[in-house]
Amino acid sequence: MRLSLLVTLALTALIEAHTVMVYPGWRGNNLITNETFPYGMQWMYPCGGMGTSRNRTYWPTTGGAVSFQPGWFRGHLQAQLQINLGYGTDGPDGGPPNMSNIMVKPFMLLGPTNNPYPGTVCLPQVPLPAGANVSAGDRATIQVVEQAQHGASLYSCVDIIFAEPGDPRIPIVNETNCFNSTQFGFAQIYTVTTQEPSLDVIASTTTGSAPRYYSWAGWLPLVAGAIWMAL
């Protein structure tokens, strides 16, 4: 398992790949650029051009770990990350009908360089979406979204089957598949609220002193010129 992952990462480095999912699994290797995908597969919504996996991974009904490697492509000195969940198999190719259920709201990743870089991001306890009601045996898809600096997004997915916590079929989380590399920083995304201009302020700028100010401003160059000629 670890050997196959190392081989995948080596190939990734050669072809400037994108986001590699480490835990709980990966829908499949979509690190491909060819005539069919001239810009690369991972830019394609919802799962980077990969069809639904027939070999699903078990994941706890109470939420669990998600880890991935975000820096296998240029332009990710800063990136916006988000994790979503799609329920069921009623959508295209036996997958979810949509990926609109947010598990982790957008946050900023601060990378060490704008060139490709190694390193892992681990979220040890990703919660289920608000209002989620899942049972053991239900099927779903976890979607990791990485928005690059130029605005386009990369998509990677893992197809899961929910299982009760402690189920031996759930892959073990340990320090080799879920850790945060020290060269990464993180930041929250926030909004700035602007105040609507007051009508009183607008009125005060259209009457009274404002016209006189601009009137004097118009005369100032002429006055300055006259003083200079007198000297």
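Just so you know, glycine gets a Cβ as well, placed from its N, Cα and C.
Source: prediction; values computed, not measured.
Swiss-Prot has this to say about the protein:
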SIGNAL    1-17  signal peptide
BINDING   His18  Cu(2+) binding site
CARBOHYD  Asn34  N-linked glycosylation site
DISULFID  Cys47-Cys157  disulfide bond
CARBOHYD  Asn55  N-linked glycosylation site
CARBOHYD  Asn98  N-linked glycosylation site
DISULFID  Cys122-Cys178  disulfide bond
CARBOHYD  Asn133  N-linked glycosylation site
CARBOHYD  Asn174  N-linked glycosylation site
CARBOHYD  Asn180  N-linked glycosylation site
LIPID     Ile202  GPI-anchor amidated isoleucine
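Taking the features listed in Swiss-Prot, we show where each one sits on the structure.
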residue: Asn34; record: N-linked glycosylation site; DSSP (3 states): coil
residue: Cys47; record: disulfide bond; DSSP (3 states): coil
residue: Asn55; record: N-linked glycosylation site; DSSP (3 states): coil
residue: Asn98; record: N-linked glycosylation site; DSSP (3 states): coil
residue: Cys122; record: disulfide bond; DSSP (3 states): strand
residue: Asn133; record: N-linked glycosylation site; DSSP (3 states): coil
residue: Cys157; record: disulfide bond; DSSP (3 states): strand
residue: Asn174; record: N-linked glycosylation site; DSSP (3 states): coil
residue: Asn180; record: N-linked glycosylation site; DSSP (3 states): coil
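The two recorded residues, Cys157 (disulfide bond) and Asn174 (N-linked glycosylation site), have Cα atoms 21 Å apart. Around the Cβ of Asn55 (N-linked glycosylation site), a 10 Å sphere holds 8 further Cβ atoms from the protein chains shown.
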